[in-house]
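Chemist: Submitted below is the structure of interest, expressed as structure tokens.
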Amino acid sequence: MSGKPAARQGDMTQYGGSIVQGSAGVRIGAPTGVACSVCPGGVTSGHPVNPLLGAKVLPGETDIALPGPLPFILSRTYSSYRTKTPAPVGSLGPGWKMPADIRLQLRDNTLILSDNGGRSLYFEHLFPGEDGYSRSESLWLVRGGVAKLDEGHRLAALWQALPEELRLSPHRYLATNSPQGPWWLLGWCERVPEADEVLPAPLPPYRVLTGLVDRFGRTQTFHREAAGEFSGEITGVTDGAGRHFRLVLTTQAQRAEEARQQAISGGTEPSAFPDTLPGYTEYGRDNGIRLSAVWLTHDPEYPENLPAAPLVRYGWTPRGELAAVYDRSNTQVRSFTYDDKYRGRMVAHRHTGRPEICYRYDSDGRVTEQLNPAGLSYTYQYEKDRITITDSLNRREVLHTQGEGGLKRVVKKEHADGSVTQSQFDAVGRLRAQTDAAGRTTEYSPDVVTGLITRITTPDGRASAFYYNHHSQLTSATGPDGLEIRREYDEWGRLIQETAPDGDITRYRYDNPHSDLPCATEDATGSRKTMTWSRYGQLLSFTDCSGYVTRYDHDRFGQVTAVHREEGLSQYRAYDSRGQLIAVKDTQGHETRYEYNAAGDLTTVIAPDGSRNGTQYDAWGKAICTTQGGLTRSMEYDAAGRVIRLTSENGSHTTFRYDVLDRLIQETGFDGRTQRYHHDLTGKLIRSEDEGLVTHWHYDEADRLTHRTVNGETAERWQYDERGWLTDISHISEGHRVTVHYGYDSKGRLASEHLTVHHPQTNELLWQHETRHAYNAQGLANRCIPDSLPAVEWLTYGSGWLSGMKLGDTPLVEYTRDRLHRETLRSFGRYELTTAYTPAGQLQSQHLNSLLSDRDYTWNDNGELIRISSPRQTRSYSYSTTGRLTGVHTTAANLDIRIPYTTDPAGNRLPDPELHPDSALSMWPDNRIARDAHYLYRYDRHGRLTEKTDLIPEGVIRTDDERTHRYHYDSQHRLVHYTRTQYAEPLVESRYLYDPLGRRVAKRVWRRERDLTGWMSLSRKPQVTWYGWDGDRLTTIQNDRTRIQTIYQPGSFTPLIRVETATGELAKTQRRSLADTLQQSGGEDGGSVVFPPVLVQMLDRLESEILADRVSEESRRWLASCGLTVAQMQSQMDPVYTPARKIHLYHCDHRGLPLALISTEGTTAWYAEYDEWGNLLNEENPHQLQQLIRLPGQQYDEESGLYYNRHRYYDPLQGRYITQDPIGLKGGWNFYQYPLNPISNIDPLGLETLKCIKPLHSMGGTGERSGPDIWGNPFYHQYLCVPDGKGDYTCGGQDQRGESKGDGLWGPGKASNDTKEAAGRCDLVETDNSCVENCLKGKFKEVRPRYSVLPDIFTPINLGLFKNCQDWSNDSLETCKMKCSGNNIGRFIRFVFTGVM
């Protein structure tokens, strides 16, 4: 196909006469715009080589990128590939191209477009006003000569953005890869004619890039010299914001003379530096003119303070090859070496501070070997339609290809493990299907004209559909579950409305027709936020829904230098000459400083008190050791960059082994515990081994987990509905069938969670618990209906800021907030809690109208809490240089006591040297504490505590009265049986049941008691306690006497309201539903009848509306159609009994630890004091209330003294867990450790949210970053991972769609395909928080915004219009943390300093 319209005006018909009206939508003929080769940056390996071309490539290195509309981005690409029709060598030398090197060659019947990758794209000749479309490259080439394009043409609107003289000129050509632009203007250079030249001079047989024009009419202009030795060369650029850049050029003679002068001044022998260069290279004609430096000469925003040095400078070999790149601080950041014989053929390169990578070529100029002295090396073997790649670990990969030139594609890939994947492409090289190693095929349906994906069908037959407007913008997408997102755009192609799958609508407003930056956004709640922008597109101010303003300051390079928020909070940032962040200062002047090595790796963080934390790196920038407060952790890597050994602060080691595809297959921990992993052909985990426990994992066709078996016995089962939503998880716990059922509304939002427990023998329902969720019209989850309680309604303002809480129709809690939306006053009846903050945003005080509970907080310069003062007592805290709590000094009227906390280097508790001076213990290398001052401990091979026995001091006569605690676990390492004995007699025994998510649902406790005969033995009948949950939060505790229910602050583990109901009262609330009543007496003879499920749902909804006295019009119409009234239905309902309930407010400390229970009358009904690790020190409980909540997420078990902590049990005496972290190293290096600063940090679950990064291989790196660009901005791919509830992680990120060249640097985005295991490094960014995790899982499913190559400081901030991977992950995390912040002061402070507010 030629890519020309099927019927063009002027074409002749078979029987004569021309066509008057053409069709722009259908293309005819042989393909046009086909490239001579595949894209150099497409398929790459190593550092990097394109094996399809056999070429050494560097797909993109950015030297200049200042923010603004149509910014001047100077980036370099290199390819050793040589096209047969090259353009002349550009100003960066042979093999190198920059965007301005685009050139169009005009030949008799062919147009040859030379792109900035060194390729040639071949188009047919174009008539004036005609266009050619390259389907393989998604690129339009249009010849001027008409005022308008056909109305149906995709480029019609973009064409009208051009000045009329450009549109009407038949001598100009224009190219674009998107209907949104920009246009690349291909014209000619105006020149001064020679004296004897005949005028008018003919136009040259080529066109060069003269500028860019976007859809708003903004321009970027390339200024070319009209006369002299640099005639036709670019010597200046004016970007879209009005900045002027001067490009300093040199000739070979000038460079030779400069080299001779440097040799003379340096007293050295001048090297051979010829005055001229050969006029032709393998890369095209060469005039010897090179770019020496780029200066910023005019800056409209900073006219008086221009940089005194060039933004970038280049060094050259005597043969005119690019040898070095220097950044704006004059630091050399890149160096290159070339073949002695073939000019421009790169044989080595390096980033400053990184090893040199070398390359060897065969006689045809193809790379045969890539040599890496500090990592993997590769060899390449070329055969017809087959390339074999072998690395230095002897792993072989074979690529099978079809097609030639620009249509060559990899159709089959043989992996190192022998597995094979295959791909199918259409006639123009677009992906149509992929078959994985298991033989399963995913099909892709691209649009015939645009190539945009319109449908994806997965191997299980489920499909996703995508729809676009005439300008190739996504207008709607429907997932396999039927949920849909929709987008609307204005006439300029700007997003004006987006509808999420749950129906939430976000609107965008614009006040400037020449800008794509919104002036306001409006979310689903109707809350409006406004923004103002600089001429460079930088956010200057952000006004939230309440009218509160945040202001931003920037430097000339686009970096944020200050953020000013309400309430006087400001943050200041400083940068060095390379643009690296070197200092952050808060409002109080507390400054944190940063230091870097030559490669740009962060080596030192200096805290405000001067303490230093350092990191050392290997040759590739991977951290090999970190030192904090004199304690060091180290990491070792193999040649493939995989971690193979960790060395803890104690000198103990964890080792790792991998398969040939870099998947982890064995991990041996610090204590010798070994775990092994096996994967199927597609990479899914199918078998894991853990010291005798063998788990098999089973999946359905959609790769959803269906069940697991452990040692041959079924563990959990997962069930899904037809939409793919999880509906049930079940397993057997201590013989009981335990199931969790999930219900959803029509928008896919969780509506209910129903837990059931059945008897092992009779299948009798022993326990059930349901939590329901409801959403308001704006999509906020503002209602929760706890089991057997009235609805809990959260009252909000703006975009969801909490202002109050109601239980049923009764308001209970009210909140007052400041201009930063921080809580300043909480009211509960007569109870009032006033909260104040320091100028730096830290918690300063919490004062009650009951003075005895007042608290004041004092912080040091490092942000550590050093004192809590109250009328009862004062506690002062001391820390080690690693931030660990080392001591507490408590003073009161009759008390003055110091308690030290001593740990080994890895954080394991040691005996206090003052109290136990004779102790020889200095560390626990395996992190298993075997003894302390009170007990002896034993562990099994899984590292689980199995026995704890009283320690009998030496010299004490043994009487065999020591107490022994024994712990027994199931195959999932959950405590299921506990006993405590003395004199070989049981004192207490307990057994525990769990649901398939690992949440405890019941415990049975037998205690020693005297029977009727006077004999002491365990009770025959256990005391049974049942538990109910809302996600990861324990909300219900019920025994035979009472039910206690807890309502937590939204998104946190901090309890807010306690509701206690006598069990006898609960029995009175039992009633039939309306549906049950009608079914029991609805038969023709008065007997029972079974209603269809749809009718039951309608009756349930009607009943809930009647009970709430809010019957909808829809329900009234339905009843009327049946000849019924609301009153009639109400008369059929069983009466509702409201039980007597005791309601108390939890008064908690800054961590969420309950300190008091406040009655509705404002009196203190219960009060307690704890030590820093959650041990109860004192309790005032006149009403005998049961208050078992301890540190967030913890429940006290009286029988064992342990605190149940969701995934495991916490021993408050040791300040650590009794089993290892179920997520292993993902939760930290010490698997037993609770946060070592418990007064500031909490761990409600023992899991966490991770921020992961990995290299952009296209940027040439293999470590956690690929090296800085010349102004110091690190480029790496960043994404987030959260626990998936199945013992693993699910990840999400932002990626450039990259389906065609038309996607561009600011093209459509897509969800990245990431895994936790593939990361170069993952860092903990949020301790366990189910609200954050669930919020992020929702973010992972959302359609991505448009991709931006620049970070947020260059493009819209926190608006989601343009995002690179780093900004998307940062903003998603901060948004979810904000939604889930509740009253967590520490988290709020972090928000303030990360720009969320």
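All residue numbers here begin at 1 and follow the chain in the order shown.
Glycine is no exception: its Cβ is also placed from the backbone N, Cα and C atoms.
Sharing the features that Swiss-Prot gives for it:
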type: REGION; residues: 330-1186; note: region '28 X approximate tandem repeats'
type: REGION; residues: 1292-1312; note: region 'Disordered'
type: REPEAT; residues: 353-374; note: repeat '2'
type: REPEAT; residues: 461-481; note: repeat '6'
type: REPEAT; residues: 482-502; note: repeat '7'
type: REPEAT; residues: 526-546; note: repeat '9'
type: REPEAT; residues: 589-609; note: repeat '12'
type: REPEAT; residues: 630-650; note: repeat '14'
type: REPEAT; residues: 672-691; note: repeat '16'
type: REPEAT; residues: 692-711; note: repeat '17'
type: REPEAT; residues: 712-734; note: repeat '18'
type: REPEAT; residues: 829-850; note: repeat '21'
type: REPEAT; residues: 872-894; note: repeat '23'
type: REPEAT; residues: 895-930; note: repeat '24'
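Each of these features: where is it, how hidden is it, and who are its neighbours?
Modeler: Restricting the average to the repeat '2' (353-374) gives a pLDDT of 96.
Per DSSP, the repeat '6' (461-481) is made up of 0 helix, 11 strand, 10 coil.
Helix, strand and coil counts under DSSP for the repeat '14' (630-650) come to 0 helix, 12 strand, 9 coil.
Counting residues per DSSP class in helix, strand and coil order gives 0 helix, 13 strand, 7 coil for the repeat '17' (692-711).
Counting only same-chain residues 6+ beyond the ends of the repeat '18' (712-734), those with a CB under 8 A from a CB of the stretch are 462, 480-482, 695, 700, 702, 704-706, 740-744, 748, 760, 970-972, 976, 991-997, 1001.
Residues 611, 628-631, 852, 862, 864-866, 900-903, 907, 1169, 1171-1172, 1236-1239 of the same chain sit 6 or more residues outside the repeat '23' (872-894) yet have a Cβ under 8 Å from a Cβ within it.
Across the repeat '24' (895-930), the DSSP tally of helix, strand and coil residues reads 0 helix, 10 strand, 26 coil.
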Chemist: For the repeat '21' (829-850), jot down how many residues DSSP puts in helix, in strand and in coil.
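Modeler: Final tally across the stretch: 0 helix, 13 strand, 9 coil.
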Chemist: Determine whether the repeat '24' (895-930) and the repeat '14' (630-650) share at least three Cβ pairs under 8 Å, counting only pairs 6 or more apart in sequence.
Modeler: yes
Chemist: If you run through the repeat '12' (589-609) with DSSP, how many residues end up as helix, strand and coil?
Modeler: 0 helix, 11 strand, 10 coil
Chemist: Please work out the helix, strand and coil residue numbers for the repeat '18' (712-734) from the DSSP assignment.
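Modeler: Within the repeat '18' (712-734) the tally stands at 0 helix, 16 strand, 7 coil.
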Chemist: Within the repeat '23' (872-894), how many residues are helix, strand or coil going by DSSP?
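Modeler: Per-class counts: 0 helix, 14 strand, 9 coil.
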Chemist: Give me the DSSP three-state residue breakdown of the repeat '16' (672-691), ordered helix, strand, coil.
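Modeler: Secondary-structure composition of the repeat '16' (672-691): 0 helix, 12 strand, 8 coil.
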